[in-house]
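Taken from TrEMBL, the feature domain 'G-protein coupled receptors family 1 profile' covers 41-290. The transmembrane segment annotation in TrEMBL covers 25-48, 60-82, 102-120, 140-159, 198-225, 237-261, 273-292.
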Amino acid sequence: AGHQGFSLFADFVLLGLFSGSRFPWLLFSLILLVFVISIASNTTMILLIRADPRLHTPMYFLLSQLSLMDILYISTIVPKMLLDQATSQRAISFAGCTVQHFLYLTLAGAEFFLPGLMSYDRYVAICHPLRYPVLMSRKVCLLIVVAAWLGGAADGFLLTPVTMQFPFCASRAINHFFCEVPALLKLSCRDTSAYETAMYVCCILMLLIPFSVISASYTRILIAVYRMSEAEGRRKAVATCSSHMVVVSLFYGAAMYTYVLPHSYHTPEQDKAVSAFYTILTPMLNPLIYSLRNKDVTGALQRALGKCLASRKVTAF
């Protein structure tokens, strides 16, 4: 591999999340567990929403899209990372790194846009319930989903070619567990400051616009709810809004830390910890906080399990 070091398309080496850990196999087991829970809970959500007619509403259609994004998002990063640790193999090809980079940016971008658009659905449902069927028609739902996916794809198509065209001649060792932009740019031997500034502006827009929409929607919801005379309805709405805001704030906050805060303020180890939060933990938290605490979903789950058990009993006889 000596002659390969000067090649423009040589393999990269991912130093990974486990390299600095004192208990790598404990961390490996935890991440594997989170991955399995994430895939299982998101798949359950998608299947329940498809199977139960009571969940055929705009909100659940959008939540099923969020679950799909979560499955793809975590699958872009975690299996490769766990496989590398299990086989003690750290290499990733230039093409592999480019594909991972593109998929990650597309899915993360779509995940940034969708909660912003989903908050509009909640705003209409609570503040304009009579106009809800018109304002959140099937066409509007599809538009919301297409807009989120297109926004994410635009992010991937814009940033991937620019990031990967830089000459990486300093080193091939990426001090990260996947091909993330800031970690890759550190390996470039050309000045990347102009590109980093452009990316900074792009990320601020991508993060602040959805975050502002979410904050505005939930503020309007809370004002409307506060005027409600029914204490139980008020308590439920506040609980829902606050749990959504916590997830959204953590997800956007972690992304802002990585992409918006100047590099001098954070170390590679801190970057890895923060990235692990929003690439590994968020896909597990989303279904648990948005959906599985919800009475409609738990009811649908009980009905599905009931049907499953009943059919088993029939076949047993």
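Note: Cβ is positioned from N, Cα and C throughout, glycine not excepted.
Where the annotation comes from TrEMBL, it is an automatic prediction and has not been curated.
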Non-local residues, at least 6 beyond the ends, that sit with Cβ under 8 Å of the transmembrane segment (102-120): 59, 62-63, 65-66, 69-70, 72-73, 76-77, 144-145, 147-149, 151-157, 159-160, 178-181, 206-207, 209-211, 213-214, 217-218, 244, 248, 251-252, 255, 278-279, 282
Local confidence of the domain 'G-protein coupled receptors family 1 profile' (41-290) - pLDDT mean: 86
